Structures are given as C-alpha cells and as structure tokens.
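Down below is the structure, laid out as structure tokens.
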Amino acid sequence: MTEEPKPVTPVLRDGEAGLDTTAPTEAGSLGEEAPKKEADGIVDVPDAEQQKQEAPQQGFSAYVKLWAWCEPIDVVLRICGFFAAVASGTALPLMTIIFGKFVNIFNDFGVGKISGDDFRAQISKNALWFVYLFIGKFALVYIHTICFNITAIRSVRKLRLQYIRAILRQEMAYFDTYTPGSVATRISNNANLIQTGMSEKVGTCCQGVAMLISAFVVAFTQSWRLTLPVATSIPTAVTLVGITVALDAKLEAKILDIYSKAGGLVEETLGSIRVVVAFGAGDRLSKKYDNHLEAAKGFGVKKGPVLGIQYSSEFFIMYCAYALAFWYGIKLLLQGKIGSGGDILTVLFSIVIGTSSLTMIAPTLGEFTKAGAAANDVLNMINRVPEIDSLSAEGLKPSSVKGDLELSNAVFSYPARPTIRVLDGVNLKIPARKVTALVGASGSGKSTIIGLLERWYDPASGSITLDGVDIKDLNVGWLRRQIGLVQQEPVLFNDTIYTNVLYGLPPDEIAQMDEEKKRELVRQACIESNADDFIQGFPKGYDTIVGERGSLLSGGQRQRVAIARSIISNPPILLLDEATSALDPTAEAIVQAALDKVSQSRTTVLIAHKLSTVKKADNIIVMNKGQVIEQGTHESLLDTKGQYWSLVNAQSLSLASDDSSSDTDKETDTQPAEILEKHATTKSTHSKVPHEVAAESEDVARKFSLFKCLLIIFYEQRRHWLFFLLGGIASVVSGGAFPAQAILFSRIVTTFQLPRDQWQEKGDFWALMFFVLALCILLTYASIGFFLTVAAFRSSKFYRSEYFKAMISQDIAYFDKPANSSGSLTARLSTDPQNLQDLLSSNIGLILIVIVSLLAVSLLALVTGWKLALVSLFGCLPPLFLAGFIRMRMEMQAQDKNAKLYLESARFASEAVNSIRTVSSLTLESTVYNNYGDRLKRPVARSLKYTAIAMIFFGFSDSVDTAAMALAFWYGGRLMSYGEYDAQQFFVIFIAVIFGGQAAGFIFGFTMNTTKAHAAANHIIHLRGQVAPINGSTGEEPASTEDSDVAVEFRNVSFSYPTRPDQPVLRKINLNIRHGQNVGLVGPSGCGKTTMIALLERFYDVTSGDILINGKPLTDIDVTKYRETASLVSQETTLYQGTIRENILLGVTRDVPDEEIHQACKDANIHDFIISLPEGYNTEAGSRGLSFSGGQRQRLATARALLRNPDFLFLDEATSALDTESERVVQAALEHAKRGRTTIAVAHRLSTVQDCDAIFVLEAGKIVEQGTHQELLRRKGRYFEMCKAQSLDREA
C-alpha cells in the first residue's frame, strides 16, 4: 500500500503538458533534476474551476471538501475502510443478544430451572460466540484503521504539495499584505491537524455511528415499546453536541488564524536574529508575540464553557437513558408487554452500547472541527485565483526575442499604498542589445520598473511592451525565462553552490542534460562572474552548502554566485539591480568587466547607486519621484551639468596624495584564492546534509520521563492550581462512575431473581440511583471541560512565550546550525506547545478518569471475588497493556523520526516562500514543488510502514475485551455452577472487568497525544534550561571612557567559527581605536571585516587573544549592558511586522518623545518620505518591509541606530543601498552622529571611508595596511589599487 498516488489528469491548455502533482523527481536536492513537465496553472483537484469561484469554506463544509483530495486507489481504500468500520461497529450490539441469553441462562440456573451440567454446557456454547466476535472485530478494526491512515497520509501529502504550489503561484501584491513567514506554521500545524482528522479517527467515528445504529436496531427488535422512548435521548444529545461543535469550530478557526500571524512574526525574528541580538530587541518582539498569544488565549478560554457543555450534556443524557430504560422496562415487563428480564437487559445494554458510542464519536468530532478549521485555511489558499498566475499556460510564447522594451505612460502604486504613485506617467525605451542604466534617488521608482518588467505587478495604467507586444499578452513563465535578474540583496537557497547556480537554467533544459554538461555550464558561469576561484578554495568546492539565504557566504560571494545564476541560461534580457553593490573594488572591477562582456549581446537594464558601474552604459536614465528627468550617455550628461553631474561629483574619490613621491613598495595585485576566501570556507562548508545535522542537534529528546515532565509543568503552572485541582478532582470523581455502574448493573441484573412483587420497588430505586449518577456526571464532566481547557490555554500561552524567549536568547552559533534554521524553529514553536496543550486540556482529565476507573474496578472485582477477578483481569489486561505498550513505543519512534523529516520539509518550504521574488524570477515554482515532494517521500514512506505494523496492535487492543468476556462468562459460569459465587457477585466482577478493559483500551487511544506531548515537553524544558554561553552570561558594568584612552583594542585576536574550528578567519589581529575615532575597515570580500563587527557585537567570543573595551576585557562586561552602548547598521536591513514607529523604536527601552524620533529620521533623510505616507509613522511596514525600497529600508535602519544614541557605532556597508543624494545626506548625518562616539565602518564604497581617522586594510584575516586615506595613497599599495578601481573621472 505504499505506492505513490497516480495524479488525476488535469485540464491542459495550449497543448502544454500537465505538472505532475504527486510524483516529484527523484533528485535529492533542489535543481539536481528539474521537472520534465510544464505547469499548466490549473489546480489538480476535482471540479477545480468550480471550487475556485466558491466563497471561503467554513468548518465542516471545508472538512467535507478534503475528501475530494484522493486518487482512485484512495477511494477503494476508503470504501473498504468504511465497510470494515461499520461491520466492526456491529460487533458489540450483536454481543448484547448473546449477553441477554446469558442473563436468562443465569436466571434459570438461579431459580433452579436447569441443572449444573446443562448450565455449564450452555455457558461454554455461548462463550464461543464471544470468541468469534473477537476474531471478526480484530480483523475489521485492523482493516479500517490501516485503510483510513494510509489514505490520510497520502491525501495530506498531496495537500501539502498543492498548498505550496498555490502560494508559489500568487502575484507579488498578495505577499505585500500576506505574511510569507507564517508558511512554516501553517504547513506544519494545519497539515498535522488535517491528517489527524482524516486518519483512524474517521474509522472510529464510522464504527461509533454503526454501533449506535445497530445497537438501536437490536433494541427495537427486542422491544420497540421500550426502545422508542429511550431513543429520544439520541437526537437530544446530537443536537447539543452539534451546536457546541459548531461554536467550537468558529473559535478554533480564529485561534488558528492568530497563531499563523504569530508564526510570521517568529519567522521574521529568527530570520534576522543578529539584528534582534544587536539591538536587544528580544523583549520588545516578545511582547508583540505575547500580544498575539493573549488574543489566542482569549478565544481559547471561551472554548472552556463550550467544551464543558459538550462533554457534560453528552454523558448526562447517556446515564439518564439508562435510568429511563430500566424504570420503564420493569413497567412493561409487569404489564406483559415485554418477554423477559433478559429482553430488558438486551435493550438496556444495547442502549448502553449505543449511547456509549457517543463517547467514541464526540472526541473525533473535536478532531474533525480542528481539521475543518485547518482545511478552511488550506483550501482558501489552494482555491485562490492569482491576478498574475506564474504557472498559467495561457499567453503568447514568441519563437524569438529581439529584446526591445518600452514603457508607455506607465502609472503604478503599490497595492499596500494605493494613494502613493511610485511611477507617474513614465515613458522610456530600452533598446535591444544595449545597456540602459537607471539612476536616481531611493524611492524614485527604479526597482519598481524591474518589478514591472518581471511582471510581479501590472501598471495601473499605461503599458509595457516587449518587441511591440504588451507583456500582459505574453505567457508569464515564458517572459520571466527570457530575463536574468540579480537583485540588490541576493538570495541563495540552503543547498550547494552548484545547485544554486543551476537554478538559472530552465527546468526543461536541465532535464535534457547529463551531469557533466550541467557542471561544465555551472563552472563556466562562475568563472565569468569571478566566483570560481573562491569556490575552488572550499574543501567541497561546488558541493559546499551555502546556508539559509546564503548566510554562510560573505555578501560579495553571495552576489557573485547570484550573478553566475543569472547568466548561465544566456537570457536575452539582463536586469541588474545593484548587482555589484556588495563587491570589493577589485572583485567589482573584474565582475563589472564580465558583466560588460555578457551585456554586449543582450538587452541590459542596470540599476546602480555606485555610478562607476554605469558610465559605460549606452543610455543613462535619471529618475526622480517616479518620473524621467534626464537621459543620455555618461559624457553627454556630464556636459549638461544637470542632476547626473551633481550625483557624479558627490561620489568623487580623491586619488591625489600629499606626497606622490612616496617610495613605499606597491603591494602585488594577486591574491591566492585559497587564502583570500578562508573566511567563506569557514562559514560555509557543511559536509552534512540538513537532516543529518538535525539528528545530531536533537539528541536531547525525552531526557526526562513523561511523569517528570508533568511534575515540572504542574509546578511551573502552580498559579493555575485551582483550575488543575478542580479539573483533577472532577476527573477522579468521574473515574468512580465505572465501578458505580458495575454495582448498579449487577443489581439490575439480579433484580429479576427476586420475587415479582419486589420488581417495581427495586426498579424504581436503582433507576433513581442511575439518575443521581447522571447528575454527578453532569457536574464533573462540565468541570473537566471548562477548568482543564482554560488551564491548558493559559499554560500553552506561557510555554509558547517562554519557548520563543528561550530561542531568541540563544547565541548566534546556535542559529548557524542548519537544523536551527528559522523555518525549522518556527515549525517547532508551532507544533511543540500545541502538542503540550492537547495533553494538558481535557485529554489529561480523560486519562486520569481511565486510570482511576481501572484501579477502582480492579479493586472492586478483587474484593467481590478474587478468583474470577484474577482470571478475568490477568486474562484481559496483560495482553491489552502489552499491545498498547508496543504501539506506544512504535509511535514514539515514528514521531521522533518523522518530526525531524517534516521539520526539514517545512524549513525548505518556508525558505522558498520567503524568497518568493527569487523563485518567481527564476521560474522555480515547479522545481520547488517537485523537490518539496521529494522531501516528503521519506516521512510518508516511514509513516506508511509504521501504520501497517502499529495498527495490528491497535486492532488487538480495541477488540481484546470481547475475548475477555468469553473467558469471564465461561470461568464465572463454572464457579457459579459449583456454588462458589452467586449471580450478583458474578455480574459485579464481570461488568467491572469489562469496563476496566474498555478503560484500559481507552488509555492507549491517547498514546499519540502523550507521545507528542512528551517529546514537546522535553524540547521546551531543555531549551529553556540551556544557558547560552554568551547571551546568558553576566558581568561587570561597562567601563567609562575615562578609564582608558583606547576605546577598542584587539590583542592578538584569532577566530574560527564554531561550525569549522579548524579554519581560521582572523589571524593575530592587533589594532587600537581611540575614543571618538572614526575607523574604516576595507578589503576583499571574505577577508574578515564583518567578522570583526560580529566579535565587537559579541555574537561570538574570540578563539584566542583579547578584545578590550575602554581597557576592560569584553568577556568581563555584562553583554546586555554593553550592547546597549552600541548600534549596528548592517548591509541587509530588516524591518518587522508593525508600524514604522515601532520599527524605529526597536530595542529602545526608554520612553522616547516624538520629536526625538522625528529628528533621528530627519538625520537619516527619511522623515519627509514617512510623513508623505497617508498613515505617516503609523504606516504598517508589512512582511520584512518589502513594500519599501532598499534605500528606504536602509534609512529606516539608520534612524533606528541613531535613536539609541550609542557610544559605539558599527556600520557594515551602512550606505550600500542608498542613492548618491541619500548617501550624501545620510553620510553627513552619520558624520554628525560620529561626534563624541567611536565609529567602525565596513565599506566597499571607499568614498564613504576616505575621511576616516584611520583605515585598516584586511586580507586573508590579517591587517596588511593601515593609515589615513592620504597615507595609504602615498604607499601605492593595496588600498591605492582599490581606490583606482573606483575612480569616476572621465579617463578612468
């Protein structure tokens, strides 16, 4: 049953082949084997077109629609499962007929109608029927559980795939308002809920319904007069349960939506953990996360009374039905309208079984409710029709492309800010096979034009044409495959360098190439982008893992790999959005030469703030406020002395030295790649694939036993002691209902052995006792539902919050591990507290009920008659417990292994969606889809194998009570026949043991809950108890500036990253920086500049040597207080969910007046832009702030840093994303901000450091030159060559 489902044939258009939605390629990683079929754009589900037009699904309607997601084999399995479940549900009602016969036999023997020999013979004969029922039920339960589990696994796999596919095909406007970071939460949590709701729970529900119906059929055949009034309890119970389930579904949907939004915040936070740590923003972001949790808790608490009513009404009606059946049955018997006492008991026990079936059905309805809420979310996404469908087969596909692009009167506003025109009637021509450069201020619309050319958005009015054809008429995927794009902030996937570069090739081309050809193309592209040398320097070369979003490479290395990816397919159009912004001058010159070469034969659109990269362009277009204000060549624009001339002058870099006759030796221009790139080798070479590393990092699972975990949890949640205590007391009292039932039923059975004139009196009394028991149950189950649900949600809120705080409190080295990617951690933060909550809610009360009842009925049986009790108990419970134990062990092992594998697939999906612009520009949607399917294969195959074996034990534990009945009747009958027991003793023991066996069976129905909760509790407890060596340390107050003349001192500092301790990044660094000095760090990409900033922020501790701050060792200073004295502006800025105001205030703990916020923004040249927005400072930043341009984000980050008024200012390419004018203004603001504080700036754009008090030139982890700008120029060494490469004069 493990074969892959065959896809339903999708609707095809224009002769295109369909995308295989269920049979991904066998490639082990993204891109190794591309999909061989083109996406058709039609969702692969029955009646997809109709579904697309429907309104959002709600509750059970969404759950019902899940069942359309199946293949023919799944339909067959479900039909088999349905009939097997129905047949197994009839077993117990059929048993009541045999039970009625037993009662008549026992009564006949009790009044002396039959002899002992006849009694034993009839008992033995009828006991065999119980054995037959056991065998039949065992087989049927196994069949229905395995059938429904297999189809659930297969269907949810398909849902996961289609959910990812649906997200990937959405237009960019959707992502401006939707939080892509929540994909890990949604895909993990929702898929788990849906699978639970479609697995054996469906069979259990069908079994319960069949049991209910067949029980009443049996009851009606015995006596319709008695059954009819009692049957009125069923619609009453169903109505109440239906109402409460509907209310529960609405609350559950709201809770899931809030958790999804919280998951987006978590992913943003973990994905930019360095910014969070540097700014001490953990507390502020934790409060925002807590606000989400508080809202979810509010709805969760409202579920308390709903579930309380649901549980209590169900059991109250059930016990009232028992009372009514016996009371009215006695009346009918005395009136001669029913045959015998055995008939009454057959009807009574049929009703007992029928109403008890509601206890089987009700828990499954809760799972169906959760599955329906999750399905609502999933199906709404799957059925959403994108405005620009990247997978659509519609549109023209010209056979050739010349490359003429034209924008005619293009007007555009971003959907998130429709009142702000980003482009205002732009008219421009981009001629084929020419280089056209776009320059201008940040926010002038340059990158927006790139987005329109990629057709991420459509203009509000006007048109964009390619070779005279409106791009709206072209096939979206075809259009994007004609374009190579390198973005300002390049995104690489957590895979090998080889695979990342290979993504630039169209999937159908990859499928037709052999491995040798693919590697040849990849290497050639890397040679052209100046990436081959540093790649070859890695131990694993092109098979080096680059980390999440390429984080294990330096910025320049990422950029060069991205350039190689863009040119490998030799596209006719090349879009370069700040393509060389992250490169050092030497690498920039070489890469620029390569870009000049590859641009000669194609249409190239170049966006740049660094004007040295555009002066050779055929046409330079100057933009301002969404309009074209100048255009021409570099020379002609300089001659006009207009806006462009001003921009060039602002970037001029003096090459004149005070003493040109210096005889300082000139440094060689050559740099051995294997030395130059050791930094990258250290950071990026991970020889283990993600799931193998994950296995190493998760060796703490189940460090504590479940009992100890619960003790820790209850101790920590002692403030909710009253809720847990009242829920626990209610559970204990409810557990006593089972032995009470045993006593009452035994009294009822033996009532018919009394004189006839006592029947009415005894019948009234015992019926009244059942009603009293029903009132007790009403109170106790209401208490369980209310108190434990409220306590669970309150506890869950605490552990979600604490888990998040524990994660963001870890050192940066923790996040460097591939197993701890933001996607994986977000998925864990979603599933682990949820699993713990599921146990702490009413489930723990039900488990306690089962334990109490099992102990109570066993004690009652032993006290009543130890011989029969021992035989019955040991004949029933040991095999039951053995089967349950084996099943639990298997579930624990499967849960451990699958959790890691599903985390890896969730990480992969999250990374792809968070990089949606890169995915869409490379038309990787189908590749991501297929490789995501590959990552699902292992957990799916493992689950199928586990299901086939584990369900044997499930079936046995679910049906062994029938075999125990056979043993109890046979042996009990023999004891009675020899006069050792009377009928009352026998029935007390028999019913007690049967109820005990059923209770023991119920406890193993919670094994998956307890297994998941056990693992979750250990994860949470372990991480919370894990003290981070750096972030968790305490120390002394930071030294004052008066304690030392030297602000920062490096003494023989050497460093290697924890993931590669054998690869040194910094080697014996020695430098002194005095108070108030402005220092620049320059050098080739990967030389260790950013690593020094990381050490100064104390993201890591040095391997050897010391860093002194104001004369005091950095390791002796309290890390939190030290970081409060520093601000960091990094190369890739990060904004978070929330308003602009909240983002600027990130990490600031004091109350800041608006005037101070406004001044910081004015200093960063962003205030005017902010107040031009309709909502001003209250404008929502959106997911990662992507609705703002790169320059706008950078200026907001600069304002955020300035607001802290730090002693130390660390600038890591702080102005790299700014246009010339903004750079000039921000640079002036930074110059102003530097006064009175120590500043260390990392820069490739040397114009930003030429006025520094000291410049340190790094190479291969060592300082090779130092001095002022003029001093270094006089040496005509490494720095001089770098300056020369960036010269902007006409002769350069």
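Numbering starts at 1 and runs along the chain as displayed.
In case you wondered, yes, glycine gets a Cβ from its N, Cα and C as well.
Per Swiss-Prot, the feature ATP binding site maps to 440-447, 1083-1090; the stated evidence is sequence analysis. Under DSSP, GLY1083 (ATP binding site) is assigned to coil, being neither helix nor strand in the three-state scheme.
Residues annotated as domain 'ABC transmembrane type-1 1' in Swiss-Prot: 81-370.
What Swiss-Prot records for 725-1012 is domain 'ABC transmembrane type-1 2'.
The Cβ neighbour count for ASN149 (N-linked glycosylation site), using a 10 Å radius and every protein chain shown, is 28. Marked as N-linked glycosylation site by Swiss-Prot on the basis of sequence analysis: ASN149 (among others).
Marked as N-linked glycosylation site by Swiss-Prot on the basis of sequence analysis: ASN494 (among others). DSSP assigns ASN494 (N-linked glycosylation site) to coil, not to a helix or a strand.
Look at ASN820 (N-linked glycosylation site): DSSP puts it in a helix. Its own atom aside, the Cβ of ASN820 (N-linked glycosylation site) has 21 Cβ atoms within 10 angstroms in the protein chains shown. Residues or ranges marked as N-linked glycosylation site in Swiss-Prot (evidence: sequence analysis): ASN820 (among others).
For ASN1009 (N-linked glycosylation site), applying a Cβ distance below 8 Å and a minimum sequence separation of six or more within one chain yields ASN835, ASP838, LEU839, ASN843. Annotation note: ASN1009 (N-linked glycosylation site) sits in a helical segment as assigned by DSSP. Annotation source Swiss-Prot lists N-linked glycosylation site at ASN1009 (among others), citing sequence analysis.
The Cβ neighbour count for ASN1031 (N-linked glycosylation site), using a 10 Å radius and every protein chain shown, is 19. For ASN1031 (among others), the entry in Swiss-Prot reads N-linked glycosylation site, with the evidence type sequence analysis.
According to Swiss-Prot, the feature N-linked glycosylation site maps to ASN1052 (among others). In this structure, ASN1052 (N-linked glycosylation site) is part of a beta strand by DSSP.
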For LYS1089 (ATP binding site), the one of ASN149, ASN494, ASN820, ASN1031, ASN1052 that lies nearest, given that the glycosylation sites are compared by Cα:
ASN1052
Need the DSSP three-state call for LYS1089 (ATP binding site) to compare against my parser.
helix
Using the alpha carbons only, what distance in Å do you get between SER444 (ATP binding site) and ASN494 (N-linked glycosylation site) once rounded?
33
Translate the DSSP assignment of SER442 (ATP binding site) into the three-state scheme.
coil
Given the recorded positions SER442, ASN1052, SER1085, the candidate whose Cβ has the fewest other Cβ atoms within 10 Å is ASN1052
Can you see whether DSSP assigns ASN1031 (N-linked glycosylation site) to helix, strand or coil?
coil
Which one is closest to ASN149 (N-linked glycosylation site) in space, judged by CA to CA distance, out of the binding-site residues GLY440, SER442, LYS446, GLY1083?
LYS446
One finds that other Cβ atoms within 10 Å of the Cβ of GLY440 (ATP binding site) number exactly 26
Around the Cβ of LYS1089 (ATP binding site), other Cβ atoms found within 10 Å total 28
Proximal residue to GLY440 (ATP binding site) among glycosylation sites ASN494, ASN1031, ASN1052 (C-alpha distance):
ASN494
On a count of neighbouring CB atoms within 10 A, which of the recorded positions SER444, LYS446, ASN494, CYS1087 is highest?
CYS1087
Other than its own, how many Cβ atoms are within 10 Å of the Cβ belonging to GLY1083 (ATP binding site)?
29
